[in-house]
Amino acid sequence: MEKKFKLNAAMINKNRAFLLLAIVLFCGLFVDNFYTAYNIRAVTGNGSLVIWLGLGFTIVLIAGHMDMTVMYMSTFAALLTLGLHSNQKLPWAICILIGALMGVVNGLIMGLLVTKLKIHAFIASIGMQLVLKGIMYVYCNGSELSIGRDYDLNEKLNNQLLPFLPFSTYFIITTLFVILVIVILRYTRLGRNIHMVGGNAETAWLAGIHSDRVVIAAFIISGLAAGLGGALNGIYSGAANVTMGEKGISPFYMAFTATVIGGTDIYGGKGSVGWTYISLLMIAFLKSLCKSTELQVLVIGAALVLCLIYETVAKYNKDKILGRRPNLHLEHLKEMKGAK
């Protein structure tokens, strides 16, 4: 019974993204110009911001917490980057660096609130969302900021970097950053510790892991991803405003949905940035298939609800097995070590 449950859960976790891929590929057959190079470049480029958000959100969720400030942080980084270049005439490289550093600061503050002040991540996120939104309104007075007449970097990010791949430079940069984070999570001590702390913080503490430092590091990486992604997205889009992402389906909810579809456990300890990346791409293409905003919200919302129901049922069944096998958590830790 236990082995059967484990097998079924593993198969579902692995195949959910592929099921979404099959749906997208099938539906794309009935949409004109869906498989053209231009459409692929446009969808992947426009969906890159959500990948940055999902990247950070997945890391923090694996660590057993939830960072809901990523959307606001990315918007602030976009506004700051465009404002510094347009108003203060700073070079793009300096502006992007400052935007990324603001993300790091936000992640550090979130990590300290959660670990040192023992504030629940959900409550801390709501507070930081309000702080960030207030700062944005003060910074730009609620108006839209643009790149002005300097379109050089905007064109470079929008154009194809490699002639044989139908992807924008912005998307390729995003993909390279995803690969870097995958390497960190799989092959470094920090990555293993993030999984360990998220799976069982008490066991990690007994093993000599500084849980607080690991959680803070996870939030910092999340903030860095949101800040850097937001800065690049502001240049890629050419403009930014305080209400970015508040109309239609929010990029944050798309990132959350893809994270769960990709198999990341909402209770922490298990997850994959790679599967989140694939799921986000599929959701971006699925969104492009839905012509109306109402249909986009309905489809993404339904996918999120179904995945959350599955995760809840899976945890319930796992808890039932744990009641019959008290040492199951030790077996789970051995499996994690073996997988790494």
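Cβ atoms here come from the backbone N, Cα and C positions, even for glycine.
Annotations in TrEMBL come from automatic prediction, not curation.
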Where TrEMBL places transmembrane segment among the ranges 1-17, 69-85: 69-85
The transmembrane segment (43-62) versus listed stretches 91-114, 248-266, 295-314: most Cβ pairs under 8 Å: 248-266
Paired segments the transmembrane segment (167-187) and the transmembrane segment (295-314) in contact, 3+ CB pairs under 8 A: no
